[in-house]
(Lines of atoms letter the chains of each structure in order from A and count residues from 1; the text may use other names and numbers.)
(Lines give C-alpha, C1' and ligand atoms only; values in the text may rest on other atoms or scores of the structure.)
Protein backbone atom coordinates (compact mmCIF):
# COMPACT_ATOMS: atom_id res chain seq x y z
CA UNK A 1 0.00 0.00 0.00
CA UNK A 2 1.38 3.42 -0.95
CA UNK A 3 1.48 6.45 1.29
CA UNK A 4 -1.12 8.13 -0.88
CA UNK A 5 -3.65 5.30 -0.56
CA UNK A 6 -2.94 4.97 3.14
CA UNK A 7 -3.48 8.69 3.63
CA UNK A 8 -6.74 8.66 1.61
CA UNK A 9 -8.13 5.69 3.49
CA UNK A 10 -7.50 7.22 6.88
CA UNK A 11 -10.83 8.70 7.97
CA UNK A 12 -10.39 8.26 11.73
CA UNK A 13 -8.14 10.23 14.02
CA UNK A 14 -4.60 8.89 13.73
CA UNK A 15 -2.10 8.86 16.60
CA UNK A 16 0.82 9.13 14.20
CA UNK A 17 1.95 11.07 11.17
CA UNK A 18 3.53 9.52 8.09
CA UNK A 19 6.61 11.21 6.66
CA UNK A 20 6.71 10.76 2.90
CA UNK A 21 10.31 11.78 2.21
CA UNK A 22 10.36 13.34 -1.26
CA UNK A 23 6.89 12.92 -2.81
CA UNK A 24 6.95 11.40 -6.28
CA UNK A 25 10.50 10.13 -5.93
CA UNK A 26 9.89 7.27 -3.49
CA UNK A 27 11.54 4.71 -5.78
CA UNK A 28 14.72 6.77 -5.81
CA UNK A 29 14.94 7.18 -2.03
CA UNK A 30 17.78 4.67 -1.66
CA UNK A 31 19.85 6.61 -4.21
CA UNK A 32 18.92 9.99 -2.76
CA UNK A 33 20.08 8.70 0.63
CA UNK A 34 23.69 8.54 -0.64
CA UNK A 35 24.23 12.32 -1.04
CA UNK A 36 22.16 12.96 2.09
CA UNK A 37 24.33 10.57 4.08
CA UNK A 38 27.43 12.25 2.67
CA UNK A 39 26.09 15.64 3.79
CA UNK A 40 25.63 14.37 7.33
CA UNK A 41 29.12 12.83 7.24
CA UNK A 42 30.49 16.27 6.35
CA UNK A 43 28.26 18.28 8.67
CA UNK A 44 28.59 16.43 11.97
CA UNK A 45 32.37 15.75 11.94
CA UNK A 46 32.98 19.15 10.33
CA UNK A 47 31.25 21.12 13.06
CA UNK A 48 32.79 18.92 15.76
CA UNK A 49 36.21 19.70 14.24
CA UNK A 50 35.52 23.45 14.34
CA UNK A 51 34.52 23.19 18.01
CA UNK A 52 37.59 21.10 18.89
CA UNK A 53 40.02 23.46 17.13
CA UNK A 54 38.54 26.58 18.74
CA UNK A 55 38.61 24.91 22.17
CA UNK A 56 42.21 23.71 21.93
CA UNK A 57 43.78 26.62 19.99
CA UNK A 58 44.34 29.47 22.45
CA UNK A 59 44.87 32.02 19.65
CA UNK A 60 41.24 31.43 18.63
CA UNK A 61 39.81 32.39 22.02
CA UNK A 62 38.59 35.69 20.55
CA UNK A 63 35.04 37.07 20.10
CA UNK A 64 34.82 36.18 16.41
CA UNK A 65 35.68 32.54 17.04
CA UNK A 66 33.53 32.26 20.16
CA UNK A 67 30.57 33.27 18.00
CA UNK A 68 31.75 30.76 15.39
CA UNK A 69 31.73 28.03 18.04
CA UNK A 70 28.10 28.96 18.83
CA UNK A 71 27.29 28.67 15.12
CA UNK A 72 28.97 25.25 14.94
CA UNK A 73 26.98 24.03 17.97
CA UNK A 74 23.72 25.17 16.39
CA UNK A 75 24.58 23.55 13.05
CA UNK A 76 25.42 20.35 14.90
CA UNK A 77 22.06 20.51 16.67
CA UNK A 78 20.20 21.09 13.39
CA UNK A 79 21.90 18.08 11.79
CA UNK A 80 21.10 15.81 14.74
CA UNK A 81 17.45 16.99 14.81
CA UNK A 82 16.75 15.78 11.29
CA UNK A 83 19.16 12.82 11.13
CA UNK A 84 16.89 10.11 12.70
CA UNK A 85 13.82 10.69 10.51
CA UNK A 86 15.69 11.45 7.27
CA UNK A 87 17.89 8.35 7.38
CA UNK A 88 15.03 6.27 8.78
CA UNK A 89 12.86 7.12 5.78
CA UNK A 90 15.50 6.82 3.07
CA UNK A 91 17.28 3.73 4.44
CA UNK A 92 14.66 1.51 6.06
CA UNK A 93 11.33 3.12 5.15
CA UNK A 94 10.52 4.02 8.78
CA UNK A 95 7.89 6.66 8.00
CA UNK A 96 5.74 6.70 11.13
CA UNK A 97 6.29 9.34 13.79
CA UNK A 98 4.06 9.94 16.81
CA UNK A 99 2.43 13.32 17.26
CA UNK A 100 4.49 14.10 20.37
CA UNK A 101 7.76 13.10 18.68
CA UNK A 102 6.82 15.21 15.67
CA UNK A 103 6.04 18.25 17.82
CA UNK A 104 9.30 17.79 19.72
CA UNK A 105 11.29 17.60 16.47
CA UNK A 106 9.43 20.64 15.18
CA UNK A 107 10.33 22.58 18.33
CA UNK A 108 14.04 21.81 18.11
CA UNK A 109 14.29 22.43 14.36
CA UNK A 110 12.66 25.86 14.55
CA UNK A 111 14.42 26.75 17.80
CA UNK A 112 17.86 25.99 16.35
CA UNK A 113 16.96 27.78 13.10
CA UNK A 114 15.99 31.04 14.79
CA UNK A 115 18.91 30.71 17.18
CA UNK A 116 21.22 30.54 14.15
CA UNK A 117 19.65 33.77 12.89
CA UNK A 118 20.47 35.43 16.23
CA UNK A 119 24.08 34.22 16.16
CA UNK A 120 24.55 35.43 12.58
CA UNK A 121 23.34 38.86 13.73
CA UNK A 122 25.79 38.71 16.65
CA UNK A 123 28.60 37.88 14.22
CA UNK A 124 27.62 40.88 12.09
CA UNK A 125 27.85 43.05 15.21
CA UNK A 126 31.28 41.54 15.89
CA UNK A 127 32.47 42.53 12.39
CA UNK A 128 30.96 46.02 12.82
CA UNK A 129 32.84 46.61 16.08
CA UNK A 130 36.09 45.12 14.71
CA UNK A 131 36.09 47.34 11.60
CA UNK A 132 34.31 50.51 12.73
CA UNK A 133 35.61 50.67 16.33
CA UNK A 134 38.81 48.56 16.35
CA UNK A 135 40.35 50.32 19.37
CA UNK A 136 37.35 49.39 21.53
CA UNK A 137 36.89 45.85 20.15
CA UNK A 138 38.32 43.99 23.16
CA UNK A 139 36.65 46.25 25.72
CA UNK A 140 33.20 46.01 24.07
CA UNK A 141 33.10 42.30 23.25
CA UNK A 142 34.27 40.79 26.52
CA UNK A 143 33.62 37.15 27.38
CA UNK A 144 30.84 38.28 29.73
CA UNK A 145 29.11 40.26 26.98
CA UNK A 146 29.44 37.37 24.53
CA UNK A 147 27.96 34.98 27.09
CA UNK A 148 25.02 37.32 27.67
CA UNK A 149 24.44 37.66 23.93
CA UNK A 150 24.35 33.87 23.66
CA UNK A 151 21.88 33.53 26.56
CA UNK A 152 19.60 36.27 25.22
CA UNK A 153 19.63 34.64 21.78
CA UNK A 154 18.76 31.26 23.28
CA UNK A 155 16.05 32.78 25.47
CA UNK A 156 14.43 34.56 22.53
CA UNK A 157 14.34 31.42 20.38
CA UNK A 158 12.96 29.19 23.14
CA UNK A 159 10.35 31.76 24.22
CA UNK A 160 9.05 32.27 20.68
CA UNK A 161 9.01 28.60 19.63
CA UNK A 162 7.85 27.06 22.94
CA UNK A 163 4.12 27.80 22.33
CA UNK A 164 4.06 26.15 18.87
CA UNK A 165 3.92 22.46 19.94
CA UNK A 166 1.10 23.23 22.40
CA UNK A 167 -0.80 25.26 19.81
CA UNK A 168 -0.59 22.29 17.42
CA UNK A 169 -1.30 19.64 20.06
CA UNK A 170 -4.78 21.03 20.85
CA UNK A 171 -6.06 20.40 17.30
CA UNK A 172 -7.58 17.15 15.98
CA UNK A 173 -5.89 15.49 13.01
CA UNK A 174 -8.71 13.55 11.40
CA UNK A 175 -7.76 13.65 7.72
CA UNK A 176 -4.76 12.29 5.89
CA UNK A 177 -1.82 11.69 8.26
CA UNK A 178 0.78 12.12 5.48
CA UNK A 179 3.37 14.88 5.93
CA UNK A 180 4.95 15.61 2.57
CA UNK A 181 8.43 15.93 3.98
CA UNK A 182 11.23 14.04 5.75
CA UNK A 183 10.84 15.85 9.08
CA UNK A 184 8.24 17.93 10.91
CA UNK A 185 7.84 21.63 10.20
CA UNK A 186 5.16 23.94 11.58
CA UNK A 187 3.82 24.90 8.15
CA UNK A 188 3.47 21.25 7.09
CA UNK A 189 1.76 20.05 10.29
CA UNK A 190 -0.74 22.92 10.10
CA UNK A 191 -2.02 21.56 6.78
CA UNK A 192 -3.15 18.31 8.44
CA UNK A 193 -5.23 19.81 11.25
CA UNK A 194 -9.02 19.64 11.03
CA UNK A 195 -9.51 23.13 12.43
CA UNK A 196 -9.12 26.81 11.69
CA UNK A 197 -5.37 27.48 11.74
CA UNK A 198 -5.58 31.26 11.38
CA UNK A 199 -4.14 31.90 14.86
CA UNK A 200 -1.22 29.54 14.20
CA UNK A 201 -0.57 31.13 10.83
CA UNK A 202 -0.55 34.66 12.28
CA UNK A 203 1.71 33.61 15.16
CA UNK A 204 4.06 31.84 12.74
CA UNK A 205 4.31 35.00 10.64
CA UNK A 206 4.93 37.05 13.80
CA UNK A 207 7.79 34.73 14.82
CA UNK A 208 9.43 34.92 11.38
CA UNK A 209 9.16 38.72 11.18
CA UNK A 210 10.40 39.24 14.76
CA UNK A 211 13.40 36.96 14.24
CA UNK A 212 14.52 36.46 10.65
CA UNK A 213 12.96 39.73 9.46
CA UNK A 214 14.50 41.96 12.12
CA UNK A 215 17.82 40.08 12.19
CA UNK A 216 18.30 40.27 8.42
CA UNK A 217 17.55 44.02 8.39
CA UNK A 218 20.01 44.64 11.23
CA UNK A 219 22.67 42.59 9.42
CA UNK A 220 22.14 44.70 6.29
CA UNK A 221 22.37 47.88 8.38
CA UNK A 222 25.59 46.62 10.02
CA UNK A 223 27.18 45.96 6.63
CA UNK A 224 26.08 49.36 5.34
CA UNK A 225 28.01 50.95 8.22
CA UNK A 226 30.95 48.60 7.63
CA UNK A 227 31.04 49.47 3.93
CA UNK A 228 30.96 53.19 4.72
CA UNK A 229 33.91 52.78 7.08
CA UNK A 230 35.87 50.60 4.64
CA UNK A 231 35.41 53.07 1.78
CA UNK A 232 36.86 55.83 3.96
CA UNK A 233 40.14 53.89 4.38
CA UNK A 234 42.85 55.46 2.22
CA UNK A 235 44.90 52.33 1.52
CA UNK A 236 43.46 49.93 -1.06
CA UNK A 237 45.29 47.02 0.57
CA UNK A 238 43.78 47.87 3.97
CA UNK A 239 40.30 48.15 2.44
CA UNK A 240 40.67 44.69 0.91
CA UNK A 241 42.01 43.27 4.19
CA UNK A 242 39.04 44.67 6.13
CA UNK A 243 36.48 43.33 3.67
CA UNK A 244 38.22 39.96 3.53
CA UNK A 245 37.50 39.42 7.24
CA UNK A 246 33.77 39.58 6.41
CA UNK A 247 33.69 37.10 3.51
CA UNK A 248 33.10 33.97 5.62
CA UNK A 249 30.27 35.61 7.55
CA UNK A 250 28.62 36.93 4.37
CA UNK A 251 28.72 33.39 2.92
CA UNK A 252 27.14 32.00 6.11
CA UNK A 253 24.41 34.67 5.98
CA UNK A 254 23.58 33.91 2.33
CA UNK A 255 23.59 30.14 2.94
CA UNK A 256 21.10 30.52 5.78
CA UNK A 257 18.78 33.37 4.81
CA UNK A 258 18.37 32.73 1.07
CA UNK A 259 16.64 29.31 1.29
CA UNK A 260 14.86 30.19 4.56
CA UNK A 261 13.27 33.37 3.20
CA UNK A 262 12.52 31.60 -0.08
CA UNK A 263 10.79 28.74 1.76
CA UNK A 264 8.74 31.15 3.90
CA UNK A 265 7.62 33.10 0.82
CA UNK A 266 6.65 29.91 -1.04
CA UNK A 267 4.70 28.54 1.95
CA UNK A 268 2.65 31.72 2.33
CA UNK A 269 2.37 33.21 -1.14
CA UNK A 270 3.49 30.60 -3.68
CA UNK A 271 0.51 28.28 -3.49
CA UNK A 272 0.93 27.27 -7.14
CA UNK A 273 4.59 26.32 -6.74
CA UNK A 274 5.26 22.55 -7.15
CA UNK A 275 5.47 20.81 -3.79
CA UNK A 276 8.80 19.29 -4.83
CA UNK A 277 10.23 22.83 -4.89
CA UNK A 278 9.10 23.34 -1.28
CA UNK A 279 10.67 20.05 -0.20
CA UNK A 280 13.99 20.85 -1.91
CA UNK A 281 14.02 24.34 -0.37
CA UNK A 282 13.36 22.75 3.03
CA UNK A 283 16.36 20.47 2.61
CA UNK A 284 18.53 23.39 1.51
CA UNK A 285 17.58 25.56 4.46
CA UNK A 286 18.24 22.83 7.04
CA UNK A 287 21.12 20.85 5.52
CA UNK A 288 23.22 23.27 3.46
CA UNK A 289 24.32 25.68 6.24
CA UNK A 290 25.56 22.89 8.58
CA UNK A 291 27.47 21.32 5.67
CA UNK A 292 28.92 24.46 4.11
CA UNK A 293 29.72 26.61 7.17
CA UNK A 294 32.62 24.40 8.40
CA UNK A 295 34.00 24.27 4.85
CA UNK A 296 33.77 28.04 4.35
CA UNK A 297 35.37 28.87 7.68
CA UNK A 298 38.06 26.22 7.23
CA UNK A 299 39.01 27.65 3.83
CA UNK A 300 38.91 31.32 4.86
CA UNK A 301 40.39 31.10 8.38
CA UNK A 302 44.14 30.43 8.35
CA UNK A 303 44.36 29.10 11.92
CA UNK A 304 41.55 26.61 11.35
CA UNK A 305 42.85 25.68 7.90
CA UNK A 306 46.35 25.04 9.26
CA UNK A 307 45.06 22.86 12.11
CA UNK A 308 42.86 20.80 9.78
CA UNK A 309 45.72 20.40 7.28
CA UNK A 310 48.09 19.37 10.08
CA UNK A 311 45.61 16.81 11.41
CA UNK A 312 45.20 15.13 8.01
CA UNK A 313 48.84 15.30 6.94
CA UNK A 314 50.56 14.12 10.12
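Numbering starts at 1 and runs along the chain as displayed.
Cβ atoms here come from the backbone N, Cα and C positions, even for glycine.
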* Would Swiss-Prot put residue 197 and residue 15 on one side of the membrane? -> yes
* Candidate set 8, 47, residue annotated N-linked glycosylation site in Swiss-Prot -> 8
* To do: Please find, within the list 31-51, 178-198, the residue stretch that Swiss-Prot describes as transmembrane segment.
  => 31-51
* CB contact flag for the transmembrane segment (202-222) and the transmembrane segment (105-125), at least three pairs under 8 A -> yes
* Asked: Mean pLDDT over the topological domain 'Extracellular' (81-104): what is the value?
  -> 87
* Structure fact -> With the greatest number of Cβ pairs under 8 Å to the transmembrane segment (31-51), the stretch among 105-125, 243-263, 279-299 is 279-299
* Which of 102, 194, the listed disulfide-bonded residues, has fewest other Cβ atoms within 10 Å -> 194
